[in-house]
Amino acid sequence: MHRRHNGLRTAVLLGGLSALIIVIGSFFGRAGLVVAVLVALGTNAYAYWNSDKLALRAMRARPVSEFEAPALYRMVRELSTQARQPMPRLYISPTDAPNAFATGRNPRNAAVCCTEGIMRLLDERELRGVIGHELSHVYNRDILISSVAGALASVIMFLVNFAWLIPVGRSNDDDGPGLLGMLLIMLLGPLAATVIQLAISRSREYEADASGAQLTGDPLALAGALRKLELGTKQLPLPPEPRLETASHMMIANPFRPGQGISKMFSTHPPMAERIARLEKMAGRQQ
């Protein structure tokens, strides 16, 4: 029931992003609406087929062999077999920042990437918990969902940026937005898109925590990993570069130095304390 509700909520939020594109596009007249829809469809298709390549390239990840990482291969193979799913490709990112992510459009085309930092930071039990979380993202099609959400939000930003090029002093009779419409587009469009995208991202992280812990049968292992990652990502954050920001929402922990106040409210990840509390509660129910 919980997963069905979560899936429905995600579908509604994605529908909200798509509707927002159409509403903003309609301010530019029929031509603007057509362009907005075509751009949305094209961006979705591109995100669907290339999300894995884009994320792995952003992290400069390389394929890793079983000879290089036998323990990693063993735990991924065991969990994939237990879930009756194909084994994903495995990659290592050459960065000290501790993190991991999964990417790919479906289980047969998925990849799991661990940074060198997370391999050193976590023990085998904790790393197994992280792998369970990432595999759950794959099995729940969260990579596709987050890629589509990010693509739709990018389209909205494209339309907002385009709005700056439109003269605002004309009337609505010439099939263009008036001053009030332009202000609404530029002020409310990005905010609404961001709020919806964050709601999707946080919802999927909670679900991956729960289903990943269920897959490994060890919620406390993931809770322990999250504690270490919370401290580790603060000490060794990724630099805030555009190429890395495109992949940040896929990672198990916020890879950048945490902000304060409003910036913290707009994080792509749920609060670590809340995630850990949910896992500990889940472990209590299993006892």
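Just so you know, the numbers here start at 1 and follow the chain as drawn.
Placement of Cβ uses the backbone N, Cα and C atoms for every residue, glycine included.
According to DSSP, Glu134 (active site) is assigned to a helical segment. Taken from Swiss-Prot, the feature active site applies to Glu134.
Summarising the annotation, Swiss-Prot assigns Zn(2+) binding site to His133, His137, Glu205. When other Cβ atoms within 10 Å of the Cβ of Glu205 (Zn(2+) binding site) are tallied across all protein chains shown, the result is 22. DSSP assigns Glu205 (Zn(2+) binding site) to a helix in the three-state reduction.
The annotation transmembrane segment is assigned in Swiss-Prot to 7-29 (among others) on the grounds of sequence analysis.
Among the features that Swiss-Prot reports, transmembrane segment is placed at 33-50 (among others).
Taken from Swiss-Prot, the feature transmembrane segment covers 148-168 (among others), and the record attributes it to sequence analysis.
Residues or ranges marked as transmembrane segment by Swiss-Prot on the basis of sequence analysis: 180-200 (among others).
The Cβ of His137 (Zn(2+) binding site) lies under 8 Å from the Cβ of Ala102, Ile143, Arg204, Ala208, Met250, each of which sits 6+ residues away along the same chain. Using a 10 Å radius centred on the Cβ of His133 (Zn(2+) binding site) and all shown protein chains, the other Cβ atoms total 26. Between the CA atoms of Glu134 (active site) and Glu205 (Zn(2+) binding site) there is a gap of 10 Å, rounded to the nearest whole number. Sequence-ordered, the extra residues of this chain that approach the Zn(2+) site, with Cβ no more than 8 Å from the Cβ center of His133, His137, Glu205, are Ala102, Glu134, Ser136, Asp142, Arg204, Glu207, Ala208, Asp209, Gly212, Ile252.
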